[in-house]
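Asker: Can you keep this structure in mind? I'll have questions shortly.
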Amino acid sequence: MEIILANPRGFCAGVDRAIEIVDRAIEVFGAPIYVRHEVVHNRYVVDGLRERGAVFVEELSEVPENSTVIFSAHGVSKQIQEEARERGLQVFDATCPLVTKVHIEVHQHASEGREIVFIGHAGHPEVEGTMGQYDNPAGGIYLVESPEDVEMLQVKNPDNLAYVTQTTLSIDDTGAVVEALKMRFPKILGPRKDDICYATQNRQDAVKKLAAQCDTILVVGSPNSSNSNRLREIADKLGRKAFLIDNAAQLTRDMVAGAQRIGVTAGASAPEILVQQVIAQLKEWGGRTATETQGIEEKVVFSLPKELRRLNA
């Protein structure tokens, strides 16, 4: 049984930054530090930060007065930002800069009077935050997930539309929705550069390469991680047995029964330690020393909020 590792895999620059913001805030201000929503969608990471003194909440009403609060990597709505400001809470924003880029696109289109079609998954915190950035009462922002949604879509002005996308979607699926939008609304504007983030694209390209070499794919990631789910779906669509597992404890012999080549990758919010634990388990079951595929070397680094850098200098 051969083990092949995807490259790149695991943490992206936005996740690294978000986790470091929480770590630094705890170091500087001491526990408790409040975090609105899970800072990243990974159980291992969240549990580790909770042990250090992070308190995860879903509503700002759960945050006591005079507290420090961190917004998660997924971003928040304008309403949440304003509520924190009105209450005088000390806020550190761990929103991924690539999500912030989409927020800026939404602001620009709204200020220029356009309505927006947002390609994303209902209920995901990034979607809720981005849709909550639209503030033109004369227009609207509409969520679609599929070409079928586009067919049913009703907007106020079909000639004055733009679209943006959730950063963690499948590139292939997004492309089909964009094509449907352009067919239905020929004048629709899109972003100058694709909203799908570099790390999402790189990991999807890597899992496709992995699927070409392996008969079974294991994706390390939590079930609420959008980009991890997309990796599993891509491998599945390519005809491979594909499983999403949080950690080695969820790995079963049935998953790898009869496999000659097992590919292992990890979502952008999954730490490498979990990948190594999965590899160790596979080796116990007879797997050979893992080899890595060649892939893009990621050198992207996002800086911390200047206030936190200054406080921690």
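Glycine residues also receive a Cβ, built from the backbone N, Cα and C atoms like all the rest.
Positions annotated as [4Fe-4S] cluster binding site by Swiss-Prot, on the basis of sequence analysis: CYS12, CYS96, CYS197. As annotated by Swiss-Prot, (2E)-4-hydroxy-3-methylbut-2-enyl diphosphate binding site applies to HIS41, HIS74, HIS124, THR167, SER225, SER226, ASN227, SER269, with the evidence given as sequence analysis. Taken from Swiss-Prot, the feature dimethylallyl diphosphate binding site applies to HIS41, HIS74, HIS124, SER225, SER226, ASN227, SER269, supported by sequence analysis. Marked as isopentenyl diphosphate binding site by Swiss-Prot: HIS41, HIS74, HIS124, SER225, SER226, ASN227, SER269. Under the heading active site, proton donor, Swiss-Prot lists GLU126, citing sequence analysis as support.
Explain the structural surroundings of these features, please.
Answerer: The Cβ neighbour count for CYS12 ([4Fe-4S] cluster binding site), using a 10 Å radius over every protein chain in view, is 27.
In sequence order, GLY221, SER222, ASN224, SER225, SER226, SER228, SER269 constitute the residues six or more apart from HIS41 ((2E)-4-hydroxy-3-methylbut-2-enyl diphosphate binding site) in its chain with CB-CB distances below 8 Å.
In three-state terms derived from DSSP, SER225 ((2E)-4-hydroxy-3-methylbut-2-enyl diphosphate binding site) belongs to neither a helical nor a strand segment and is classed as coil.
In the three-state DSSP reading, HIS74 ((2E)-4-hydroxy-3-methylbut-2-enyl diphosphate binding site) counts as coil. Neighbour density for HIS74 ((2E)-4-hydroxy-3-methylbut-2-enyl diphosphate binding site): within 10 A of its CB lie 28 other CB atoms from the protein chains shown.
Long-range C-beta contacts of GLU126 (active site, proton donor), restricted to its own chain and to partners at least six residues apart, with a cutoff below 8 Å, comprise HIS74, GLY75, VAL99, GLY120, GLN166, THR167, THR168, SER226.
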Asker: Compile a sequence-ordered list of residues in the same chain as HIS124 ((2E)-4-hydroxy-3-methylbut-2-enyl diphosphate binding site), six or more apart from it, whose Cβ lies below 8 A from its Cβ; state 'none' when nothing qualifies.
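Answerer: Same-chain residues close to HIS124 ((2E)-4-hydroxy-3-methylbut-2-enyl diphosphate binding site) (Cβ under 8 Å, separated by 6 or more) are HIS74, GLN166, SER226.
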Asker: Taking the center of the Cβ atoms of CYS12, CYS96, CYS197 at the recorded [4Fe-4S] cluster site, which other residues in this chain have a Cβ no more than 8 Å from that point?
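Answerer: Near the [4Fe-4S] cluster site, beyond CYS12, CYS96, CYS197, sit ALA13, GLY14, VAL15, ALA73, PRO97, LEU98, VAL99, THR167, THR168, TYR198, ALA199, THR200, ALA268.
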Asker: What is the interatomic distance between the Cα atoms of CYS96 ([4Fe-4S] cluster binding site) and ASN227 ((2E)-4-hydroxy-3-methylbut-2-enyl diphosphate binding site), given in whole Å?
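Answerer: Just about 14 Å between their Cα atoms.
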Asker: Check each residue in the chain of ASN227 ((2E)-4-hydroxy-3-methylbut-2-enyl diphosphate binding site) that is at least six apart in sequence and keep those whose C-beta is under 8 Å from its C-beta; list them in sequence order.
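Answerer: In sequence order, the residues whose Cβ lies under 8 Å from that of ASN227 ((2E)-4-hydroxy-3-methylbut-2-enyl diphosphate binding site) (at least 6 apart) are THR168, ALA199, THR200, ARG203, GLY221, GLY267, ALA268, SER269.
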Asker: Please state how far apart, in Å and to a whole number, the two most distant Cα atoms are among HIS41, HIS74, HIS124, SER225, SER226, ASN227, SER269, the recorded isopentenyl diphosphate-binding residues.
Answerer: 15
Asker: If you skip the near sequence neighbours and keep only those at least six away, which residues in the chain come within under 8 angstroms of CYS197 ([4Fe-4S] cluster binding site), Cβ to Cβ?
Answerer: CYS12, GLY14, CYS96, LEU98, THR167, THR168
